[in-house]
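Going by Swiss-Prot, these are the annotated features:
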ACT_SITE  Lys198  active site, proton acceptor
BINDING   Ser18, Tyr19, His39, Lys113, Ala146, Arg262, Val286, Glu288  NADPH binding site
BINDING   Lys113, Gly142, Thr144, Lys198, Asp251, Ser261, Arg262, Asn263  sn-glycerol 3-phosphate binding site
Amino acid sequence: MNQNVNNAITMTVLGAGSYGTSLAISLARYGANVILWGHDAEHIAQLEIDRANEAFLPGVAFPESLILSADLEMAVQASRDLLVVVPSHVFGLVLSDVKPFLREDSRICWATKGLEPETGRLLKEVAVDAVGAEVPLAVLSGPTFAKELAAGMPTAIAVSSPDDAFVEDLQEKIHCSKTFRVYSNSDFIGMQLGGAVKNVIAIGAGMSDGIGFGANARTALITRGLAEMCRLGAALGAQKETFMGMAGLGDLVLTCTDNQSRNRRFGLALGQGKSVDQAQIDIGQVVEGYRNTKEVWALAQRYGVEMPISEQIYQVLYQGKDAREAAKDLLARDKKYE
């Protein structure tokens, strides 16, 4: 373990996958002491040997001030601020494990995008259940690909929290990376919802391209997908303006148009005729949109929100519908006002 652990720790990042690693690298790039925690001790030991995450971010060396650990108690106790970057289906479990080690002044931000499996709850509700209502919470969301962030390419994102001081501190800490710009946003609900819905629409955009449709179809899916995001957001109490920003339109365009997106690549495979299981195997990493689709469609039904694109994607993923048939049914819908 790096001796910098004896110095002040700016932040602890919980989750040593591609995105968690890239965020830790970005935070530590200009000298800030950052802990990157992972649950797999062997994986963390290999990262320490390589001083890089060769599996997910090959060729990107870790800054000296990046500290690796598989010791959850040490990682949580070392820093006031925790940044959780784990898949949505284990988000609550990780926070439950974190709770016994929290400091009196601990604050938790997450960059996880999605909803709680089975319940469809926003992650804020999951976090409160796991650690209590007294711990300050924040969400970081927006258009970010791990490889570009780790390479130091310019990136912009947004952060939201009911705690204004926490937002200001997060902006200050993340801005230290010089190429990572962070906007503040007061819409805590919309900031959480956007990342889940865009995953679903990105699968649809990939399916469209996999079938062989062109840019016209992809753009129509993005535009009408944004409308679905706004309608569901309104039903849950979010602000429409949020979905015109980083956590909505920004993230949606990014993941629908670039093959760095796992959700888009998953959709491409489905559009090319592969089964759901084979498409997931081909990706080789968590495809958040697969689970998100089920939860987003359940929310749409619960709140009576019309989301035809999400419905068709749900039918492809969970009811065995062919991607071409889904596209045909979308195009055959009754004419309506935009």
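Residue numbering: from 1, along the chain as shown.
From the backbone N, Cα and C atoms, a Cβ is placed for every residue, glycine too.
Sequence features annotated in Swiss-Prot and their locations in the structure.
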{"residue": "Tyr19", "record": "NADPH binding site", "Cβ contacts under 8 Å, 6 or more apart": "Val85, Ala111, Thr144, Ala146"}
{"residue": "His39", "record": "NADPH binding site", "Cβ contacts under 8 Å, 6 or more apart": "Ala70, Leu72"}
{"residue": "Gly142", "record": "sn-glycerol 3-phosphate binding site", "Cβ contacts under 8 Å, 6 or more apart": "Ala156, Ile157, Ala158, Tyr183, Met246, Ala247, Gly250, Asp251"}
{"residue": "Lys198", "record": "active site, proton acceptor", "Cβ contacts under 8 Å, 6 or more apart": "Lys113, Gly225, Met229, Gly248, Asp251, Leu252, Thr255, Cys256"}
{"residue": "Ser261", "record": "sn-glycerol 3-phosphate binding site", "Cβ contacts under 8 Å, 6 or more apart": "Phe145, Ala202, Gly206, Leu254, Thr255"}
{"residue": "Arg262", "record": "NADPH binding site", "Cβ contacts under 8 Å, 6 or more apart": "Ile283, Gln285, Val286, Val287, Glu288, Gly289"}
{"residue": "Asn263", "record": "sn-glycerol 3-phosphate binding site", "Cβ contacts under 8 Å, 6 or more apart": "Asn199, Val200, Ala202, Ile203, Gly206, Thr255, Val287, Glu288, Gly289"}
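Working note on the binding-site residues Ala146, Val286: by count of other C-beta atoms within 10 Å of each C-beta, Ala146 ranks first. Residues Ser18, Tyr19, His39, Lys113, Ala146, Arg262, Val286, Glu288 are recorded as binding NADPH; their most distant pair of Cα atoms lies 23 Å apart. When the record's sn-glycerol 3-phosphate-binding residues Lys113, Gly142, Thr144, Lys198, Asp251, Ser261, Arg262, Asn263 are compared pairwise by CA position, the greatest distance found is 16 Å.
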